[in-house]
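What follows is a short report on a single structure.
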Amino acid sequence: MPKSQGALVRKLLILALVGLAAQLVDGALGMAYGLTSSTLLLFAGVAPAAASASVHLAEIGTTLAAGLSHWRFGNVDWRVVARIAVPGAVGAFAGATFLSAISTEAAAPWMAAILFSLGAYLLVRFSRPLRANRAAGGLRTRFLAPLGLVAGFIDATGGGGWGPVATPALLVSGRLEPRRVIGSVDTAEFVVAGAASIGFLIGLGTEGFLLSTVLALLAGGLVAAPVAAWLVRIVPAQLLGAVIGGVIVLTNARILLRAGELTGPAPTLVYGVLGVGWLTALVLAGRALRRARHARAVAEAALAAGPSSPVAVPASPAAGPSSPVAVSASPAAAAPAPSARGAGERAHGLAAVEG
């Protein structure tokens, strides 16, 4: 085999592995396909606009497959999809045309700064307990439209960011089940990826798309899709999110330091601080995961106890410090049961994002 062909095969294999890794992360977290793949493409030396254009074209295929899967399992709220996808498409188209119009030298630090910020956000988010609020009412257009517009623009200019921006905002609102949040955001991303691809096509022309890169990313993503479904059961999203956030931060810090032309001990100091922060986030994520699992186990035990099961309660101080009293829960005493049931439902609702 000629050397040129061998180099091409190695390049395509590496790109396929990039797509595979990005899809594994996205399948486990419900986000970060674009973040992961764009970061790795920039690290490999691909130009920012070409990296974002290629990733979004590949995402048309991966998000279509993901959306169909979520639809089959009833994880899609079509009203939310419609209200967030259209403004998201507008933002993505604007972001794609903006990134296409600036030079590679200016685009590289801009894109790295966005990816660095989103990676830092992932670190912070997954190092803290994942909570689900239960607010009344539906999601309104005045909330979804600006969210979609901003998320779409960041997604196109940063090469990723639709999921990390839209998913947490919908989860924090507490007005939609976690599984429907992830399903609706993933489904809407098909429209956003298509709009961004059109913007890049107008701004860069067909030569802006690296078709070999697109096909390799798509192939890797399709291979990883069934593995990701298995991975989400094995690897807790809390820990995986902290790991991926640190990788994204350190990788894009390298580009920012190069753009800032820092010399001497400064780069080593920056990497040291970021490394300590990453390690701290991993420790906090592990603690948060253990606490969440304990709370879920307690809630499930309370729910399984039922209203007529004997419940061991601590004795009052008058009865002595170490004399638990077993009481049978009467209907009156069973009043807290709805609270236990609510705790159990919240625990199950968070399972999709806690791992």
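Cβ atoms are placed via backbone N, Cα and C, with glycine included.
Residues or ranges marked as compositional bias 'Low complexity' by TrEMBL: 319-342. As annotated by TrEMBL, region 'Disordered' applies to 319-355. Marked as transmembrane segment by TrEMBL: 40-68, 80-101, 107-124, 209-232, 239-257, 269-289.
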The transmembrane segment (40-68) vs the transmembrane segment (269-289): 3 or more CB pairs under 8 Å: no
Residues of the parent chain within Cβ reach of the transmembrane segment (269-289), under 8 Å, 6 or more residues beyond its termini: 123-124, 126-130, 236, 238-239, 241-243, 245-246, 249-250, 253, 257, 262, 354-355
